[in-house]
Amino acid sequence: MKYTLTYTNELKWNCSFLRKKCKEVGIEEQYKEHQLRLSISYIIVFQVLHCLFTVLHCILLLTTCAELDLIYVDVCCYSICAVVVIAVMWANVKVKSPSKLRWMTYVTSVIVTALLVFVDLSLNYYHYHINQWILASMYDSYVILMIYIFFPIPYIFPPMALAVYVSILYICYFVIFQNYDNQFRTGNITRYSETIVVLCNYIGLNVIGTGFRVMREIVVRASFLDRHQYVMEANALRSTRARERVFLHSILPPQIAQPIQDEIRARIEFSQKHHNMLVNNRRDRVIAIQMHPDVSILYADIVNYTHLTTTLSVKELVTLLHELYARFDNAASRYAVQRIKFLGDCYYCVAGLIKPDPAHAICCVKLGLCMIDIIREVRDEVQIGIDIRVGVHSGSLFAGVLGSAKLQYDIWGPDVLIANKLEGTGMPGQVHVSERTFELIKNWFEARPGTEAARKDAYFQKFNIFTFLIDPIENNKNIELDLQESFESFSAKERNEGTPELLINEELKKMPLGPKGFNEPLTRLFNFFNLTKQKESPSSSRPEIGLFLLHYHNPRLECQYLHQPDYMLKYSVLQAWCSAMTLIYLQLTYDHELVKGSYYLDAFLILAFSLLLILTWYKMICFWVYADRPHRFSELSCALFRIADNLQRSLIKRILIYIFIIVAYFAIISIILNDCDMDEFQKEHIDSILYQYDGENTMCFAPWALTCMVCSIITNGIIFTRIPFIMRIVISLVVCVTYLSIMLYQFEYLVHISLTTNPFFKSESAHCLMIISTFLAVYCKERQAEFNNKMNYKWRVELLKKQEDARLADQSITILLHNILPAHVVNVYLTYLAKDELYYEVYDCVAVMFASLKNFELTLSNLRVLNEIISEFDRLLSFYRHGNVVEKIKIVGSTYMAACGLDVRLSSLVSEKCHTTDSVFKETVHARRSMSVFSSDSFSNKKDELVFVIAIFALDLMRTLWVCNNDYKNVPIDRDVFTADMSIGISSGEVMAGVVGASQVHYDIWGHAVNVASRMDSTGVAGKIQVTEETANILRRFGLVCSYRGMTFVKGLGTLPTYFVEVDNNYEFMYARDISSEGSQTDVI
């Protein structure tokens, strides 16, 4: 039988491990301060309990004692003692210095203990010598329990030493006074047995108290560590999510990002709950588009950009663009203008988009003038002939994102087109505005009539649009200084924010010190303002926990709490074993064999309790012995380990053990009670008084010894771990009521003649007072411990829930971010936040594709159709995740841009198995066939594959568009603006990819190949794939037919020979020869 001895879970509830863990995480000092704060709250409860105990005791003395002259001394001493105890303990509350408070707790605890013991024993000594009264001690068990339960002495050994010292004093008092004057005879062994009984009673009481201290420290340390972890996790998650949210919102506005993120999160949760169901990603797709009725749009275009792409290296070009766009972004932030995106040399933004702004037109014009100043400064710095045209128009637009991959915020609408045309027909170094914009800014700027090109523009003439030119002014030179000051103030604000360590310390100080119900009224009663200043933690569960029985109002949470494994069961069993052994010894001491079979029951109980003790402690002992070296355990040991684990994890079995222990206690007490012949004892006692001889006092049990044992049983019954608190309290109450009922009715005479604690004070009252005070003290303290346990568990539940919520949120944000940027770019920006730094990658060869829908008017009704088409295009990307990866770059209007060869690996973020259920993918997958190519030896180089793969992707786009066209035949859309025609342009060459600008991170590519691919698309023909001569030659090497179109004028490059990649009516490539005859067939993709 194999068993791996693992003690990981048990270690989390091991005192030495928790101490070491607190030191490792650096919160030992904070824990000590928290322990001191807990001690103060315990002191308050102790003061109230001691006042109640003293008042009740004094009232009983004054109302039940026949000779009050003898009682006044006791009442005065008890009252004065109570006042002094409260005053001394009050000193701990008033001390504010933690270092001073630590030694103060020792001093005050010793003083109070000495005072209580001194008053108790002094009064007994006084009455013994003055009034010849032999009295039982009043405060012995009470003081010992108070030392362990309520006194603020830290650690375990100091209170144990103090309690042991008190126990020795009371044992000496018993031996010297009580037993001696009860006709102690050295030759009578029963007298020695009574002393041993008292000794065992004190030992058991100290064991229970020590175990209580150990378990309390374990619970408090575990709660403190859980709280620390909770705060650390909360701060880390809050910081991470805030950083990701800021990063995300710098790319997509919150009102757009949040619906998309919610949809992603809903899909994640749905997929987790329904593993075998497929999500309909098509018809339920969210279209994140909003209308903005009152905004201003700015378009800016760098003049002479095409010339720059041919004269500057790619790195120099991107560095120049980054310098310009970073300054543009800073200026846009200064004027509260939202940058949308840049398209190579084109930069456009909107004012009044995120937040309504009545001065949106003024902000846009000011930004345009600032951009003119910026480009002139850069031109003077780098000595390059560049300039800028700016167009501004005011109106309405639609803003949002299209598609499902590489999401980018964009704007559409007729007014956007007007702003674009204003830029195109403007003059370099001038801001070209429409008449609508001019009406909004005429009180701020001087203007002159617009350009000749604008007056002749057919679109402007059709809609009767007049334009104006705004000349640059000299008041914008201080913008960079203002921006720098604003950044410096922001950095100062960040520096002034609290450090994580301070935040954690503050949160740890807010930990609640006890359950609601007692502490708050008591703090108000004693006016402890320094305690009431403590604020509740936001995660406090006080409203969710019952007032007296401390049960969760949520039954499910209560059930989960109760079914936790009990890794402190061994301590409870050890305490129960000590009480059982003492009780059995008490029974054997006063055994008169009146109960038959009592020895068998004692033997059975000794065996049962010892077996329980071995089961619960054997694993820990083996861990202590064999933790540092390998050991092969026997089958018996493995069985014991499994049984112990099963006992720890099963609530039912723990309850059965608890009930067995209580029943065993009652069984032993029943034997003790039934072994006493009350009639014979009463007759013997009366005869001894009448005839004045020493009677046999051992005919029955000693009531005080049994009462002390019942107090230990009550303490064990209440502090037993991981048993429902309600059950423990109810059973302990039953024990109290049952014992007192039996003792006060069936054994009234025996109790009555036992020693009392004060002259003429009924012994019955003294016994009742001791039982009640013990129950109340242990209940109040265990209430605190139970509260800490439940707070600890609730924090762990909240932590797990927070981690799960954060995981879903982080997963949705991560998916969304990776759906906007390549994975490595996301990691770089989230890690280093390098938004103001140039990030770029250089590639020797990248194949670039532009695909534009023809005659597609971007109206609101058509945007939904366009969103569906772009989303289907995006889903095609999942087939290009391996080998030569195809990356979507961006959407420009109705133009789809993609590239192959960027080497951005996202396979870890995409499922290997693509589930496709809708008609688009069924038709697309059916239409696609494995492309058979020549052997790899026939390739000119590996880079040629990139061009071939992007051509295949372009063909898939045409097929998908054809399927979409068929799907939308029954959809009510304008047939004049939506056809299956799409022009595609492809080119390849050196490309630089990266991120430029200071805000709204956008991954883009630049280079001569990008410009040429764009021109191939714009000069292309619907339903055709147009390529350059170089690209055509590459595709011909793969067997594709490329027909010569002719010489085509390309802006910035002049006239170039262009070619069409031939595609048949079935949307398949036409090959120069039958490839099926080739011996080797290879799927390039």
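Cβ coordinates are placed from backbone N, Cα and C, and glycine is handled just like the others.
Keep in mind that TrEMBL annotations are predicted by a computer and have not been checked by a curator.
As recorded in TrEMBL:
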TRANSMEM  40-64  transmembrane segment
TRANSMEM  70-91  transmembrane segment
TRANSMEM  103-126  transmembrane segment
TRANSMEM  156-176  transmembrane segment
TRANSMEM  196-215  transmembrane segment
DOMAIN    296-423  domain 'Guanylate cyclase'
TRANSMEM  600-627  transmembrane segment
TRANSMEM  655-673  transmembrane segment
TRANSMEM  701-719  transmembrane segment
TRANSMEM  726-747  transmembrane segment
DOMAIN    847-1017  domain 'Guanylate cyclase'
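With respect to Cβ pairs under 8 Å, the transmembrane segment (655-673) is most closely packed against 726-747, considering the stretches 103-126, 156-176, 196-215, 726-747.
In the predicted structure, the domain 'Guanylate cyclase' (847-1017) carries a mean pLDDT of 73.
Panel annotation: around the transmembrane segment (701-719), residues 136, 141, 145, 194, 197-198, 201, 204-205, 208, 211-212, 215, 572, 575-576, 579, 582-583, 586, 590, 661-662, 665, 669, 672-673, 675-676, 728-729, 731-732, 735-736, 739, 743, 747, 750-751, 754-755, 763, 767, 770-771, 774-775, 778-779, 782, 785 of the same chain, lying at least six beyond its termini, place a Cβ under 8 Å from a Cβ of the stretch.
Outside the transmembrane segment (600-627) by six or more residues, the chain places 5, 7, 10, 569-570, 573-574, 576-577, 580-581, 584, 587-588, 633, 637, 640-641, 643-645, 647, 657, 660-661, 664, 667-668, 671 with a CB less than 8 A from a CB of the stretch.
Helix, strand and coil content of the domain 'Guanylate cyclase' (296-423), in residues and according to DSSP, is 61 helix, 38 strand, 29 coil.
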